[in-house]
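Encoded as structure tokens, the structure appears first; notes follow it.
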Amino acid sequence: MKESGRKQGAAPPCAACKLLRRRCAQDCVFAPYFPADEPQKFANVHKVFGASNVNKMLQELPVHQRGDAVSSMVYEANARVRDPVYGCVGAISSLQQQIDALQTQLAMAQAEVVHLRVRQTASFSHHGFGPGSPSNSGSPSSKLMGSQAKPIFDMDMVVDQASFGESMWSC
């Protein structure tokens, strides 16, 4: 059986030449970017852009930029196959919505931390731990242990202390 492709004993024809049912020349512009073992890669690019257009684009680019161009075309073609209307713009839009939602969640969490710190500071001031109080000297733990007669924290502040105590006292 006669071997099709470049030359006897050479690599099999690239995925592009296989799909286009043509002989794969040694200087085939598609061969370095569309190997025979990845036929779907070229099939999607061909479906979206057309082999002739891809050939023209690759020939117009310097060799060192062709790999990046093929990667971009493959990404866009795969996105168009998944979402024929929006393509990669749909994926970008979806990711942007996720970023917006996560930024909103982060802002809410940061606001809650500020709110809890303000409440905790107010509680310290209320119980004699303000900046002008006589028990303001020494370590933070001595401030907590200094007054045994009255409770230092309200019940909800005990939870706050457990959650934020480490970061607050490590300054």
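From the backbone N, Cα and C atoms, a Cβ is placed for every residue, glycine too.
Curation does not apply to TrEMBL; its annotations are automatic.
From the options 8-35, 92-119, the stretch TrEMBL describes as coiled coil is 92-119. Per-class residue totals from DSSP over the domain 'LOB' (12-113), listed helix then strand then coil: 73 helix, 0 strand, 29 coil.
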